[in-house]
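Record features, source TrEMBL:
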- 1-55: compositional bias 'Basic and acidic residues' (COMPBIAS)
- 1-137: region 'Disordered' (REGION)
- 67-137: compositional bias 'Basic and acidic residues' (COMPBIAS)
Amino acid sequence: CTERERKQEHREREQEHRERESEQEHRERERAGAQREREHEHRERESEQEHRESASRGTEQESVQGHSERERAGAQRERASRKTERESEQEHREREREQEQRECEQEHRETARRSTERESEQEHRERQSEQEHRESE
């Protein structure tokens, strides 16, 4: 197994790992979205029930006011939910960028190490050649 093949396999494993993480996060976002949808439907049912109860016992003004307050509260919850989702996606992008940066740094260190090895080997060959030359004189 050559160094190039090992690196390729390593990159492929890392890519598969990132894909699994991405799929997992996608499933989590889908679950969170489904949960928000269920909560939204539940709030709508509650809102409709409250509206019916309010209308039956109060005036039209009370009903309109309560409905407006519930709409405002629902809109506020929805904004907070979207903000949380955006923050989660931003954190994921930052983790991916950090991982890519670490990979680049690792590749740079590996390249520098190989270059140093080649230089050391060249110096060794030169010293050996000089030694052989001196011995032959």
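Yeah, the Cβs are placed from backbone N, Cα and C, and that goes for glycine too.
Note that the structure is a prediction, hence the values are computed from the model and not measured.
Across the range of the compositional bias 'Basic and acidic residues' (67-137), the DSSP-based residue counts are 70 helix, 0 strand, 1 coil. Counting residues per DSSP class in helix, strand and coil order gives 53 helix, 0 strand, 2 coil for the compositional bias 'Basic and acidic residues' (1-55).
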